[in-house]
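Single-structure report; data block below.
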Amino acid sequence: MQRNDLCWCGSGKKYKKCHADFDERLDEMKFNVFLGQCRPPKKIINNAHDIECIRKAGVINDGALDLAGTLVKEGVDTATIDKAVHDYIVERGGYPSCLNYEGFPKSCCISINEVVCHGIPSPKTILKDGDILNIDITTTLDGYYADASRMFMVGNVSPEAEKLVRVTKECMERGIAAAKPWHFVGDISAACGDYAHLNGYSVVTDLGGHGVGKDFHMEPFVAHEGEANTGMLLVPGMVLTVEPMINVGKKQVTVDSSDNWTVRTKDKKLSAQWEKTILITETGTEVLSS
Ligand code: MF3
Ligand code: CO
Ligand code: CO
């Protein structure tokens, strides 16, 4: 690429005024292959227009999560929440990305107690006093994706469950705080996982965070435990999710054979999850959906 060419990122600017310095810095980086360090592919680096589009999808996604939260009450069935989420997103010109994603039949995931993730909303699943649940929503708007989830509690929740919900949120926050441009994805993993382990919890590693934006699930895979200074380099313009799934008991999970979606803890003990979509900026991170 010549300095007067249009930049590869699609900004429409000249390369020398856009990613030339970026590429120079990247080329100077020494990647330690023994630590799995690697450079990010160009396709996961977003330009200002891409970021603006993901931000807009995130605004709708956050609104849908707010709405879902107002509906969480003892006696409510999870299909009712799903329908409200669907209509909220569609009314605003978006699409609930989960609907028909690899055959997923509903517009969001609602995962209660020992369900780790990918719980399918159903009129037969009624919220009851003491439940903890995760609602995970992804919105597509004009071809761009934003993905986030939150935990909710129904009525009187046990101190054990309440602590799990709080600590899992802190795991996510510590992971996000560890994400820095020109450092590595493993920094997120280590910060998340170390804090979970410190609290006596296990970390689900069969599933994890992911690049998001121009597609639902992209590189890199974001593990929620691991070693600092390992994996893919984080650079400005990358958008990814941090979404730790944290278990009171063991880390092993099973998938229901009845639906091939519902992920549960193998020991049937409680699990919690929080998720945000974050942008790596020149100086740190910006939350695009939460
Ligand atoms: N939103 C989930 C994630 O955080 C993915 C759900 S896929 C579905 O990556 F098909 F189960 F909806
Ligand atoms: Co999600
Ligand atoms: Co996600």
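Just so you know, the numbers here start at 1 and follow the chain as drawn.
Cβ atoms are placed via backbone N, Cα and C, with glycine included.
In the three-state DSSP scheme, H118 (substrate binding site) falls into the coil class. There are 21 other Cβ atoms within 10 Å of the Cβ belonging to H118 (substrate binding site). Residues or ranges marked as substrate binding site in TrEMBL: H118, H217.
Per TrEMBL, the feature divalent metal cation 1 binding site maps to D136, D147, E275. Under the three-state DSSP scheme, E275 (divalent metal cation 1 binding site) falls in the strand class.
The annotation divalent metal cation 2 binding site is assigned in TrEMBL to D147, H210, E243, E275. Packing around E243 (divalent metal cation 2 binding site) is summarised by its Cβ count: 28 other Cβ atoms lie within 10 angstroms of its Cβ, all protein chains included.
Summarising the annotation, TrEMBL assigns domain 'Peptidase M24' to 52-282.
Taking the mean position of the Cβ atoms of D136, D147, E275 as the divalent metal cation 1 site, the remaining same-chain residues with a Cβ inside 8 Å of that point are C109, I137, T138, A148, S149, T241, E243, Q273, K276, T277, S289. By the rule that a residue counts when its Cβ sits under 6 Å from some atom of ligand 3, the binding-site residues H118, D136, D147, H217, E243 yield D147, E243. E275 (divalent metal cation 1 binding site) sits 11 Å from H210 (divalent metal cation 2 binding site), counting Cα to Cα.
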